[in-house]
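Shown next, in structure tokens, is the structure this report addresses.
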Amino acid sequence: LSEGRGAPLVLLYLLGLRALVELSHRQLLSRPTPAGPRDFSAPRARGYLDNITAIGPRTVGSPENEVLAVNYLLEQIRAIERESTDAHKLFVDIQRPTGSFSIDFLGGFTSYYANITNVIVKLEPRNGAEHAVLSNCHFDSVPNTPGASDDAVSCAVMLEILNTLSKSSEPLHHAVIFLFNGAEENILQASHGFITQHEWAKSIRAFINLEAAGVGGKELVFQTGPENPWLVQAYVVAAQHPFASVVAQEIFQSGIIPADTDFRIYRDFGNVPGIDLAFIENGYIYHTKYDTSDRILTDSIQRAGDNILSVLKYLAMSDKLAKSFEYRHGNVVFFDVLGLFVLAYPARVGTIMNYITAAIAFLYLSKRVLQAKTRAVHNLKKFFTAFGLTLLSWICTLVAVLIVAAFVSLIGRSLSWYTHFYVSVFLYGTAAAAKLILVHTLAKKFFYKNVNELYLGDVFFDASLMIWSIALAVITQMGLCSAFICTLWVAFPLLTKLMIHKEFSQKGATVKFVMMYMLGMFVPYLYMMYLSWTVFEMFTPIMGRSGSEILPDVVLAGFIVVITMILSSYFINFIYLVKSTKTTLITLTTVFVVTLILVCSGIFFPYSSDAANPKPKRVFLQHTSRRFHDLDGNVVKSDSGIWINGFDYNGVSHITPHVPEINDSIRTPCEEQAPFCGLPWILPVHFMFRLVKNWYLPAPEIFPRSPIHFKVLSKELMPWNNVRLSFEVSGPSHMSLYVRPHEGSALSTWSLGDGTPVASLGGDYFVFYSHGLQAAPWHFWVELTAPAKHSDGMVSLAIAAHYFFGEDQKSPQLSALLERFPSWTFSSGWSCTYDLFVF
């Protein structure tokens, strides 16, 4: 087979698969069922969505969240109640819980909430119901954003589902509880208040959580369980437009994505199993001012409504809900096939299938290598040489491409592909492919100089099969459900080889053979392209908000190399079958070099302010006034400035030309004696940011109209030489408490969470506080083990007040600075105060 015919065939094959994948993703949104008189109505849901987002940003504690949004929801629920049929009873409750809990998210911290808001509706059959299924959304938003996709659209969908179910003449078997929670963005507080304190929570046997990691598009099932495989089966049976992946579940639960959902609260604090869904498209504008209702397609709302209504109704009619404890054991392997249907089977069945598949592959390989007894040693040597060369080529490719990515990052051209994703393919994809081909071309030329090409093609196919078989056995042994991917990459290639081996051995690599070969590989290649599309759709936008510690080019380049290695694993043998790879190598190298030169020149600007498809840079600005007190309560240091954090690796290097005073001369200093460097972090994300990549611009002191009040109520000597310090704090709706015990003392217990202090990364303690519209002063105590001598005090304790809304939110200086930022940024600003005390 000549290179002139082989390479175009492979390229056309991969391009064809990509076109199929793109078509399937579009089809996921273009197949909604027409709305009938009792079906889900997307236009009506859109009306709810538009009205919720018209309220504006709905930050916890603001009138917009606690009054306007709540009143709107109650108005719509009462209107729905008036039109409901006699087959159901509808109950409404407003809950304003106060509580505290610790969580290991973001390195670990403790949360305290007071008087936050939940709007809860229970729809049950006329004769009542003992068991219930929960549907959860949140109507609050992060500051300075309308929060259409996260999560107003889910609340709009739930309102319309409530409307549809309440008008049905067919009574449900179980109750459906709709929780419109008002404090999810405050790290899952409202869901904790509901599941641990509300009387209806005791009846819940399963839940569906509606979330977002993007703006509109398809809603992906990315978490289920824990265990309870019957829930996945319910989704498989009921969902009209399925989109689900156990791979997404295992990626999310690994913790590599810096996000969490109410799913964790219901699982960990309520011991309730559930299904977690999230919109994942266009994560570039997630949590920005661009998350507006007009960017969410009506088809997307219809699709989500069809799915969730069908699954909720199925669960509410299911006998298994009442007996869910009988079906709770076992995990499940699940994945959708191009959005057409979902395959799901018990994990234990998958384990058996995986081991059988691996065993058959090992049996085939051993027979291939050892069939000629006189040449067994020779065959083994050739086989393991090919095996080693394949692994070596992958390692060389990974190292080479990561070096390129690191170089691009070091010269300040990181994220050049953020707005133009094709740049990453042309830069890192071509480099990976060229390096792979080069290694094997050199091996063919110098190491296998006089070896038969057909034999080499055969042995390298077997080497790839061996690698996948080992991977299948190892990943299955690790207990990962994602091992089904390896099963595809073992079973289908093995079947293909067995079917066309005779054709290959007689005629060699003819065009007919190549076509038959590609046809046999169709399923694993198509699924891998489909899965890769989803992974890149989720991960690429995350690189723009992953902090300044992570090199996004290295991460993305690593992904691309892994995908390249997977897709090339059964095409490596073609390198040994074609007569020459010279043209292919020259083409790939040329594309790589030209792209690298263009990237280094800065022609590909990372960000975009395009109105139709913005991809902004995220920047947080806090106008901060800080005061540091000594052991006697005297202020020993004070300053004021605007603390600036860029949310990606580029920091503010692209902003300096527009705002010259933000430059390297005002980098943020770390106050070593203070917890968290003496900076007013709203969350303990300090490990994601380098201090050399944030800035502290001097600015006048701020004087909030509603200042924080902090005082010590008592100091008590406790048994075992412990000291208990009691405090009272009153202030705005959001405050952060930072605690650092001094050397020789230890924080043994406190009045927060379950009483056991949870340290954040670095050893300091972080408490996130919020309250609703009004709240009594916050009282808490900490108990420390006192050292024999503590002349410099036992503990440093700092409190920061964050003003996210109202007249104290933005100072004139902060507003003026924000107006100077370029249009391709999303700059979120607020004012805060910081006070450090020593006791």
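Glycine too: its Cβ is placed from the backbone N, Cα and C atoms.
According to TrEMBL:
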- 380-600: domain 'Endoplasmic reticulum metallopeptidase 1/1-A TM' (DOMAIN)
- 614-837: domain 'Endoplasmic reticulum metallopeptidase 1-like C-terminal' (DOMAIN)
- 1-26: signal peptide (SIGNAL)
- 352-370: transmembrane segment (TRANSMEM)
- 391-411: transmembrane segment (TRANSMEM)
- 417-442: transmembrane segment (TRANSMEM)
- 454-471: transmembrane segment (TRANSMEM)
- 477-495: transmembrane segment (TRANSMEM)
- 516-536: transmembrane segment (TRANSMEM)
- 556-578: transmembrane segment (TRANSMEM)
- 585-607: transmembrane segment (TRANSMEM)
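Within the chain carrying the transmembrane segment (556-578), a Cβ under 8 angstroms from the stretch's Cβ atoms is held by residues 1-3, 6-7, 10, 14, 390, 393-394, 397-398, 401-402, 404-405, 417, 424-425, 428-429, 432-433, 436-437, 440-441, 444, 448, 453-454, 456-458, 460-461, 463-464, 467-468, 489, 493, 508-509, 514, 521, 525, 528-529, 532, 535-536, 539-540, 543, all 6 or more beyond its ends. Count of Cβ pairs under 8 Å against the transmembrane segment (477-495): among 352-370, 391-411, 454-471, 516-536, 585-607, the largest is for 516-536. At the 8 Å Cβ threshold, with sequence separation of at least 6, the transmembrane segment (352-370) lacks contact with the transmembrane segment (417-442), having fewer than 3 such pairs. For the transmembrane segment (417-442), the most Cβ-contacting stretch among 391-411, 454-471, 585-607 is 585-607 (pairs under 8 Å).
Among the listed stretches 454-471, 516-536, 585-607, the one sharing the most Cβ pairs under 8 Å with the transmembrane segment (391-411) is 585-607. Here the transmembrane segment (585-607) has Cβ contacts under 8 Å with residues 404, 408, 411, 413-420, 423, 426-427, 430-431, 433-434, 437-438, 441, 615-617, 650, 654, 824-825 of the same chain, all six or more residues outside its ends.
On the 0 to 100 pLDDT scale, the domain 'Endoplasmic reticulum metallopeptidase 1-like C-terminal' (614-837) averages 92 in this prediction.
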